[in-house]
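Trainee: Feature annotation from Swiss-Prot assigns D-glucose 6-phosphate binding site to G164, S165, S215, K216, T217, F218, T219, T220, Q359, E363, H394, K516; the stated evidence is similarity to another entry. What Swiss-Prot lists as active site, proton donor is E363, and the listing cites similarity to another entry. Annotation comment: Swiss-Prot describes H394, K516 as active site.
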Amino acid sequence: MPAFSQATDLSAWKELQEHHTAVGRNIVLKEAFEKDPQRFEKFSRTFKNTVDNSDILFDFSKNFLTEETLSLLVKLAKEANVEELRDAMFKGEHINFTEDRAVYHAALRNVSNEPMQVDGKSVVEDVNSVLEHMKEFSEQVRSGEWKGYTDKKIDTIINIGIGGSDLGPVMVTEALKPYGAPGMKLHFVSNIDGTHIAEALKDSNPETTLFLIASKTFTTAETTTNANSAKKWFLETAKDESHIAKHFVALSTNEAEVTKFGIDKKNMFGFESWVGGRYSVWSAIGLSVALYIGYDNFHQFLAGAQAMDKHFREAPLEQNIPAIGGLLSVWYSDFFGAQTHLVAPFDQYLHRFPAYLQQLSMESNGKAITRSGEYVKYTTGPILFGEPATNAQHSFFQLLHQGTKLIPSDFIMAAESHNPVEGGKHQRMLASNFLAQSEALMVGKTPEQVKTEGAPDNLVPHKTFLGNRPTTSILAQKITPSTLGALIAYYEHLTFTEGAVWNINSFDQWGVELGKVLAKKIQQELETSGAGAGHDASTSGLLAAFKQKANLA
């Protein structure tokens with residue numbers, strides 16, 4: 001474990017504060033490029049994806065960086081023992097110390113079968129056994145060998161889960177839609193709001209629908225409630241409970257609850273306690289992905305992530321792409337006072353990517369207590385948000401360009417589209433915006449330029465853009481399964497780097513629990529008469545108002 005309590009105690013942190021005062025806050029990006037024609041080459045990095053022999057370019061040059069800045073950030077990472085914590089994670093050590101667990105999602109994508117152990121026991125065999133089960137099952141369903149209770153082919157998959165059991169599979173199946181099985185319908189149900197399950201069932205036929213119940217414990221309230229509603233809907237048509245075995249499978253480790261529900265234990269896909277929910281798309285939770293895009297493509301997805309793992313483990317920090325991304329985030333959060341981080345994919349298939357990254361980033365680093373149990377003396381996890389562009393340009397980009405907040409931004413694009421409409425015309429228009437936005441945010445527009453364009457004096461300040469807004473541009477060849485895997489792993493390791501420097505535990509989520517506990521108490525009060533007890537006046541008033549409006553009073 002790191003031998004420091006507060007990141008502010010590290011000498012590199014103090015040096016960065018001095019550097020920020022003397023240099024960092026005075027960097028004018030436009031001038032930096034004018035002074036150094038090699039700036040792009042110096043501060044961009046290329047990830048070589050050995051899986052499909054493509055490259056992903058990460059351009060960090062439009063960030064508040066000098067060679068000294070990067071050197072000091074690397075020094076900070078070394079003093080914070082980022083490399084040691086990284087190596088401990090990849091060795092299967094219990095770096096999630098509040099839950100006494102390993103953090104070993106990398107083992108799920110160990111397609112090269114490198115030795116990987118937890119507590120002295122190899123995990124490779126068990127991981128491969130689950131993957132083999134996923135392969136066999138997904139191929140049976142996709143081929144039509146697996147049939148419903150009336151011998152019809154499955155054509156609809158409904159994944160019921162919440163949090164990591166939902167966000168990952170939703171995002172990945174949307175991102176890889178071009179690889180999806182023709183004619184297969186996918187629904188993801190997460191919300192306890194009955195509308196979510198009702199809308200999915202409305203579009204489904206019990207004879208051809210397969211339900212994936214995704215819950216490690218099989219006790220998550222939202223998931224089990226939705227699963228029981230789905231079972232009731234199914235049995236209204238199927239009648240015989242023995243038919244459940246052909247239409248329900250469990251992504252869980254709780255065999256007792258799974259079999260009690262009526263699912264055959266042979267149709268149970270397990271995973272280990274060292275798989276955190278927000279990292280679980282690589283595990284059996286990714287079964288919906290394998291069913292939709294096929295197991296071979298799912299394997300490519302895993303392989304792309306492993307390729308980024310290898311880079312993160314082996315590249316020196318100065319060249320380490322996820323480490324640089326994470327260190328820049330610390331630089332902006334703690335030295336420039338940035339509170340947010342924008343991720344804008346210039347790719348409609350990636351429209352759920354920001355929502356996925358929200359959980360990854362904010363559940364991991366939304367912490368205020370260091371590993372030594374002290375309250376942090378600095379800012380931790382930024383608020384991550386985003387929408388696909390160019391849509392986002394017509395909504396919140398106004399604030400990026402002319403607002404008062406510093407919002408470091410990531411723009412993501414692929415050179416090749418899966419849909420080269422009109423000979424690639426749409427893609428070229430998209431690319432022009434991808435390139436123009438980062439340039440515009442950097443260079444801005446001076447009052448003199450506005451005047452030259454003929455604007456009246458009273459409008460000049462309104463049409464002036466200060467510029468000097470930092471961005472990172474990420475340019476892939478094409479959004480393939482392996483490219484997507486690498487991109488997700490990039491953000492995982494970026495998030496890891498942030499948390500390691502801040503000396504917080506990025507792998508628990510106690511903040512999720514308190515609301516759940518209180519909700520159980522209030523749910524009981526909603527089922528009984530009276531106004532409930534022990535609440536503040538606001539909660540009591542709201543409870544009474546809800547009961548009245550819902551005719552429960």
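Here, residue 1 is simply the first one shown, and the rest follow in order.
Glycine too: its Cβ is placed from the backbone N, Cα and C atoms.
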Trainee: Using C-alpha atoms only, work out the spacing between E363 (active site, proton donor) and G164 (D-glucose 6-phosphate binding site) and round it to an integer in Å.
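Mentor: Spelling it out, the Cα of E363 (active site, proton donor) and the Cα of G164 (D-glucose 6-phosphate binding site) are 11 Å apart.
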Trainee: Checking the spread of the D-glucose 6-phosphate site as listed (G164, S165, S215, K216, T217, F218, T219, T220, Q359, E363, H394, K516): what is the longest Cα-Cα distance, in whole Å?
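Mentor: This binding site's residues have a maximal Cα-Cα distance of 43 Å.
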Trainee: Looking only at Cβ atoms, how many others are within 10 Å of the one on H394 (D-glucose 6-phosphate binding site)?
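Mentor: That number is 10.
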Trainee: For Q359 (D-glucose 6-phosphate binding site), list the number of other Cβ atoms lying within 10 Å of its Cβ atom.
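Mentor: Looking across every protein chain shown, the total is 19.
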Trainee: Let me know the DSSP-derived helix, strand or coil state of T217 (D-glucose 6-phosphate binding site), please.
Mentor: coil
Trainee: Most Cβ neighbours within 10 Å: which of the binding-site residues S215, T217, T219 is it?
Mentor: S215
Trainee: Can you grab the distance from T217 (D-glucose 6-phosphate binding site) over to K516 (active site)? Cα atoms, rounded to a whole Å.
Mentor: 15
Trainee: Nearest to K516 (active site) in three-dimensional space, by Cα, is which of the binding-site residues G164, S215, T219, Q359, H394?
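Mentor: Of all the candidates listed, T219 is nearest in space.
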Trainee: Looking only at Cβ atoms, how many others are within 10 Å of the one on E363 (active site, proton donor)?
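Mentor: So the Cβ neighbour count for E363 (active site, proton donor) comes to 22.
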Trainee: Using all protein chains in view, find how many other C-beta atoms are within 10 Å of the C-beta of K516 (active site).
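Mentor: For K516 (active site), the 10 Å Cβ neighbour count is 11.
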Trainee: In the three-state scheme derived from DSSP, which category covers G164 (D-glucose 6-phosphate binding site)?
Mentor: helix
